[in-house]
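**Student:** Handing you this structure, nothing more for now.
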Amino acid sequence: MSYLQSVPPHDLAAHLADHDGKSVLRFITCGSVDDGKSTLIGRLLVDAKLVFEDQLTNLGRVGSSGAVNGGEIDLALLLDGLEAEREQGITIDVAYRYFATSKRKFIVADTPGHEEYTRNMVTGASTADLAVILIDSRQGILQQTRRHSYIASLLGIRHVVLAVNKIDLVEFRQSVFDEIARDYKAFAKKLGFASIQPIPIAARFGDNVISASPNTPWYKGPALLEYLETVQLDPPATERPFRFPVQLVMRPNANFRGYAGQIASGSVSVGDPVVIAKSGQRSSVKAIVTFDGNLTTAAEGEAVTLVLADEVDASRGNMLVAPAARPFVADQFQAHVIWFDANPMLPGRSYILRTETDSVSATVTALKHQVNINSFAREAAKSLQMNEVGVCNISTQAPIVFDAYKESRATGNFVFVDRVTNATVGAGMIDFPLRRADNVHWQATDVNKGARSAMKSQRPAVLWFTGLSGSGKSTIANALDRLLHARGKHTYMLDGDNVRHGLNRDLGFTEADRVENIRRVAEVAKLMADAGLIVLVSFISPFRGERRMARELMEEGEFIEIFVDTPLEECARRDPKALYEKALAGKIANFTGVSSPYEAPESPELHLKTVEEDPVALALKIEAFLDRHREEK
């Protein structure tokens, strides 16, 4: 087995040409904590002579405080680059390494084993073709081994190397290796891997890493690197349907219009017909432009600019596709979701959903079940906690373009983003569109919002009163309702307690129920605004994310957030319904301000302080604001 050595300058062109012709294998190392993932990759790189001398010298200095066995270099330090990783002796972030042998190029992602960093493992696995799953010979299959195996399968990885590591610590016994391999294959039978290759390894000493070890004469299979060089991958994405997400419209002069991006799957040639996925507009490829000159054909992974034969309405976020094999365009679908955030995923809560081409508001309409990663059983659940996996129905505010994830990883995935923090809180793999998306259509009506509001001589608005229980929301809203009614305005007041007697009588006060409570009320308020009414919504609505969701349902300028700011002590002193007394005594659970948080508005349209003015004066302030608001319109 030969490896790349230093190349003389005069042979550089030939070397690069040879290098470009090699296939690329992307793989990850994963498994439980301290199974030796980073050490294995470090050993592979060192023994294959793919690490420079100065790197090894530097590792000796960096690792001196944590060196083992009288100064032996800790090979894991080749991958663990963060200071916290070196201090704790664990992997936290995903570490990528690029290397090549005479047969193949490799991109390896060393992923963390701690459950806390599952999100980083998902990141590494999302583009991998193969997973090297490590198991400590002394420990056997652990929960995190199962978790990583399931996630690898879920993310479309088809090939697995089962690296049974630290085989030296069980005296290289074949019986231990055979038992672990047998148990893992039985466990993984339902995961659908195309191949599983068990290999006994002692990563610290290099046994079976790049060559066969004399310590395991009973093992007749390939060494790790030999297997990585020869494993047959799935068919290339060029055989899949053509998908081209438009990233930029190139318009350097009046005579040129091109659509720039990277081909997500498939291939395209000059003259091929294409269609814009959402609009259905058709054209054909006139030219394929690159920095190095025009091409006749381009394939998956290439960054190109496509010039079309016709003038079409395409912009950033559109997708050019093959007319004979179009993706789905729908606003409802089923997906597997892996949750990353410490705050649980709640059905009814609004998130930002981002795909290759779209960024839209989305809601989990149903959590069908949670997946038990040990047994793969489907278990009922009302929410997903951090690192849990569930199957969900998802609804988006506008149709998006997608493929089933099993057909196209690039166009079948998405992430959930928190509306308040902008943190990525979950990742999803789309299974299929829901048929209801095709069967439910908007019914056009002749009388619209403009006609209804004109008849009432008023501008529709949603006045959203938020604040603690006892802050005075309903009192102020009621006073304002009287003022507006006296002026002949058409209003309606939605009060939290009143709505719970009917529409929301089935909801409690858990975080999930509060989210659904606000979602329903926001939709009702939207319908009332569409009827031309001024809607007064008086709800605690403790979460910023739900209030933002309500705002985005309305037209621009229609939603007016009113923060009724009363100190908790004052609310408890008033306690008109004796709720604080019960909450403080532990008789009411999940009570806002006592045992459940309240997220105050950061930039409300109106900020009212009830300890400074009486309800009527505050209602007059809101009335004056509405008058100015109408004039500005």
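Count begins at 1; order follows the chain as displayed.
Placed from the backbone N, Cα and C atoms, the Cβ positions cover glycine too.
Found this in Swiss-Prot, in case it helps:
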BINDING   31-38, 110-114, 165-168  GTP binding site
REGION    110-113  region 'G3'
REGION    165-168  region 'G4'
REGION    459-633  region 'Adenylyl-sulfate kinase'
BINDING   GLY467, LEU468, SER469, GLY470, SER471, GLY472, LYS473, SER474  ATP binding site
ACT_SITE  SER541  active site, phosphoserine intermediate
**Student:** Find the shortest Cα-Cα separation between GLY31 (GTP binding site) and the recorded positions LEU468, SER471, GLY472, LYS473, SER541, and name the residue that gives it.
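**Tutor:** Going through LEU468, SER471, GLY472, LYS473, SER541 one by one, the Cα closest to that of GLY31 (GTP binding site) is SER541.
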**Student:** If one looks at the chain holding SER471 (ATP binding site), which residues at least 6 apart in sequence have a CB under 8 angstroms from its CB?
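**Tutor:** Correct list: VAL564, ASP565, THR566, CYS571, THR610.
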**Student:** Averaged over the region 'G3' (110-113), what pLDDT does the predicted model reach?
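**Tutor:** Across the residues of the region 'G3' (110-113) the model's pLDDT averages 75 on the 0 to 100 scale.
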**Student:** In the same chain, outside GLY467, LEU468, SER469, GLY470, SER471, GLY472, LYS473, SER474, whose C-beta lies within 8 angstroms of the Cβ mean position for the ATP site?
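**Tutor:** Near the ATP site, the remaining chain residues are ILE540, VAL564, THR566, CYS571.
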**Student:** Between ILE167 (GTP binding site) and the residue listed as 'active site, phosphoserine intermediate', find the distance joining the two CA atoms and give it rounded to the nearest Å.
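**Tutor:** On Cα coordinates alone, these residues lie 57 Å apart.
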**Student:** Using CB atoms and a 10 A radius, I'd like the single residue among the binding-site residues THR111, SER469 with the highest neighbour count.
**Tutor:** THR111
**Student:** Is any of the recorded positions ASP34, LYS37, THR111, HIS114, SER541 within 10 Å of LEU468 (ATP binding site) (Cα-Cα), and if so, which, in sequence order?
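**Tutor:** Of everything listed, what lies within 10 Å of LEU468 (ATP binding site) (Cα to Cα) is SER541.
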**Student:** Run through the region 'G4' (165-168) and tell me, per DSSP, how many residues are helix, strand and coil.
**Tutor:** 2 helix, 1 strand, 1 coil
**Student:** Of the binding-site residues ASP34, LYS37, THR111, which sits closest to LYS473 (ATP binding site) by Cα distance?
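**Tutor:** Closest by Cα: THR111.
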**Student:** Tell me which of the recorded positions GLY467, GLY470, GLY472, SER474, SER541 ends up closest to HIS114 (GTP binding site) in space, Cα to Cα.
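**Tutor:** Given the candidates GLY467, GLY470, GLY472, SER474, SER541, the nearest one is SER541.
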**Student:** In whole Å, note down how far the CA of LYS37 (GTP binding site) lies from the CA of SER474 (ATP binding site).
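**Tutor:** It is 59 Å, counting Cα to Cα.
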**Student:** Out of GLY467, GLY470, SER541, which of these recorded positions is nearest ASP34 (GTP binding site) by C-alpha distance?
**Tutor:** SER541
**Student:** Report the same-chain neighbours of GLY467 (ATP binding site): residues 6+ apart in sequence with Cβ closer than 8 Å to its Cβ, ordered by sequence.
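**Tutor:** For GLY467 (ATP binding site), the qualifying residues are LYS473, ILE540, PHE563, VAL564, ASP565, THR566.
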